[in-house]
Amino acid sequence: MNKPITPSTYVRCLNVGLIRKLSDFIDPQEGWKKLAVAIKKPSGDDRYNQFHIRRFEALLQTGKSPTSELLFDWGTTNCTVGDLVDLLIQNEFFAPASLLLPDAVPKTANTLPSKEAITVQQKQMPFCDKDRTLMTPVQNLEQSYMPPDSSSPENKSLEVSDTRFHSFSFYELKNVTNNFDERPISVGGNKMGEGGFGVVYKGYVNNTTVAVKKLAAMVDITTEELKQQFDQEIKVMAKCQHENLVELLGFSSDGDDLCLVYVYMPNGSLLDRLSCLDGTPPLSWHMRCKIAQGAANGINFLHENHHIHRDIKSANILLDEAFTAKISDFGLARASEKFAQTVMTSRIVGTTAYMAPEALRGEITPKSDIYSFGVVLLEIITGLPAVDEHREPQLLLDIKEEIEDEEKTIEDYIDKKMNDADSTSVEAMYSVASQCLHEKKNKRPDIKKVQQLLQEMTAS
């Protein structure tokens, strides 16, 4: 006979069936991330850092539950059900808390299961009209996309733009990408790459090269969330046009998959060029400085227009034929009238290796973009990816700690593929990166200050 569950019961003693029920409540919308960042060591420090969270996240690809693994790992510290319930209530997971200790849950708490709540919210999500048009020249943008009206703070700050985007049919995009040929471009196919929310293909429209992003639902992303990101990308692009932001040409919403069509970026992403993908020559230090400044200019334009990108990373910094930096991928961007204030979201999104501590707690603030850009600056200096499980330290941002502890210097990490880097400007860029990576968001510079520091670096 099972023993009754009390506040002093160890979490590690909970049976598998109960853990599975808890996971059913917490796994959706990545609720486990909220718990993970709230768990502390006895010293008060965070028990789980970005790397730990990335490891839990990877379990989704194998069909496993991050919540189950989190509770198993935390359970090894002899935490109790009382500790867990306190954490669940603090994060408003009332339904799973009531499974464990019903009397501990406030009587006024809404214990609607999270999956039900998601369904209710999704039914109310606006989505764009699905217009069909025949193929016309890209420059004749006859079909316009009108962002859905909303009274929410996020959409209030977005005025409807008269910018016109072409509405492609899905059939047309299949034709111009050779039926979305999955073979890489290097072997004669059309596939340029893939990311968290879809695959990008090279296409040709009226003798113009374009990039077609076909959105696809990932393991932890619902179809409705994907539609919402499609919608958001178009809204941001309608509002924000700048030399250092990618240019959206059109979209397709009438077929099996949602698609976005962009101006083609012949030099790919900063991530690819830093890794010299496909045998491309390494970027010079001079070129890297130019790219850093361009990316900062793009982020500044977004922030000036009250938008927070939320997924700044080297893979989302694209390079045109002149290696001009173009910020891309605005599906996660948020807008707010109260831009200077921090707002909260139950949906924690972004790329873990670039995420600021507060972003992992669900806070939305422009200072999180600054933190992510700090990681990008480290990539520019070192030529190393933001995360590598076969490297020590595995997270690139942790080299800051090694340098501060005087175990190493930034010279130890400079990309040896460069031959024109001078120590003064490298140290200046590292200083900017270090400021951007401050644990406390209010101690980080704003993007205007980052721009100024980068300009001073190249002028000196």
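Backbone N, Cα and C atoms are what each Cβ position is placed from, and that goes for glycine too.
Keep in mind it's a predicted model, so treat the numbers as computed, not measured.
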| Thr208, Thr222, Thr345 - residue that Swiss-Prot labels as phosphothreonine | Thr345
| task | Out of Thr163, Thr223, Thr342, Thr424, report back the residue that Swiss-Prot marks as phosphothreonine. | result | Thr342
| request: From the list Lys34, Lys213, Lys235, Lys290, pick out the residue that Swiss-Prot labels N6-acetyllysine. | output: Lys34
| Among Ser284, Ser346, Ser423, residue that the record in Swiss-Prot marks as phosphoserine | Ser346
| field | By Cα-Cα distance, the member of recorded positions Glu194, Val200, Asp311, Lys313, Ala315 nearest Lys34 (N6-acetyllysine) | value | Asp311
| task | Take the Cβ of Glu194 (ATP binding site) and count every other Cβ within 10 Å, whichever protein chain it belongs to. | result | 14
| remark: Cβ neighbour count (10 Å, all chains) around Lys313 (ATP binding site) is 23
| task | Take the domain 'Death' (20-104) and count its residues per DSSP category (helix H/G/I, strand E/B, coil), listing them in that order. | result | 61 helix, 3 strand, 21 coil
| task | Give the residue from the recorded positions Gly198, Asp311 that has the most other Cβ atoms within 10 Å of its Cβ, counting over every protein chain displayed. | result | Asp311
| Measuring Cα to Cα, how many angstrom lie between Val200 (ATP binding site) and Asp311 (active site, proton acceptor)? | 17
